[in-house]
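Below is one structure; the comments refer to it alone.
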Ligand code: TZP
Ligand code: MG
């Protein structure tokens, strides 16, 4: 377990990817199954609609003592007072976010190209999303596929916690952790499951089993 990011199972939740159950039901089951942290990630959503969802989810995550991260929308994150915000290269920069009074305490940044490791922005970042580890139908507008070797190399080059995302499922979870990921972020492995509680539980078991050996 990485003390700087003690949330090894990370659910990235979006309504469109919840193919079997209501998105809030998915979140609740996933938390009961062992998810440690939840990110709300909605695209093409109005501020009001995003905020409504964020408030519903915050109520749930607060009730379970789980941190909430909002993707992209710094205004929504600040309004709902989420613990974290996650941004990519095309969003508000981490350094700008830290200028805002009352900004979220935790900032995640997607690492899509190796040049970002030289960026001044790293000083303002608390975790890096290794994006994507494997290609995935869930997000297709991606640049690098880091692969396991990419995680190994990044691990040597930075001490910022690495959150692996993209194509992570129970069959490759152990390998991703062994390559050096501090946390596994998943969408379809949980949102696309008919049984999100069991899907989360299975991933959490793999994490526990792997932590005994690495
Ligand atoms: N960022 C990089 S890949 C990805 C995001 C949001 C989607 C991951 O989805 P899945 O279904 O876990 O492969
Ligand atoms: Mg973004």
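Cβ from N, Cα, C; glycine included.
The model shown is predicted, which means the values in this text are computed figures rather than measured ones.
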Identity of the 4-amino-2-methyl-5-(diphosphooxymethyl)pyrimidine-site residue among 32, 123, 139 (reference: 39, 40, 41, 42, 43, 71, 110, source: TrEMBL): 139
Binding-site residues near ligand 2 among 40, 41, 91 (Cβ under 6 Å): 91
Site extent for 4-amino-2-methyl-5-(diphosphooxymethyl)pyrimidine, whole Å (max Cα pair distance, 39, 40, 41, 42, 43, 71, 110, 139): 16
Pairwise Cα distance for residue 71 (4-amino-2-methyl-5-(diphosphooxymethyl)pyrimidine binding site)/residue 91 (Mg(2+) binding site) [Å, integer]: 10
For the domain 'Thiamine phosphate synthase/TenI' (9-190), the mean pLDDT of the predicted model: 97
Neighbouring C-beta atoms (10 Å sphere around the C-beta of residue 43 (4-amino-2-methyl-5-(diphosphooxymethyl)pyrimidine binding site)): 10
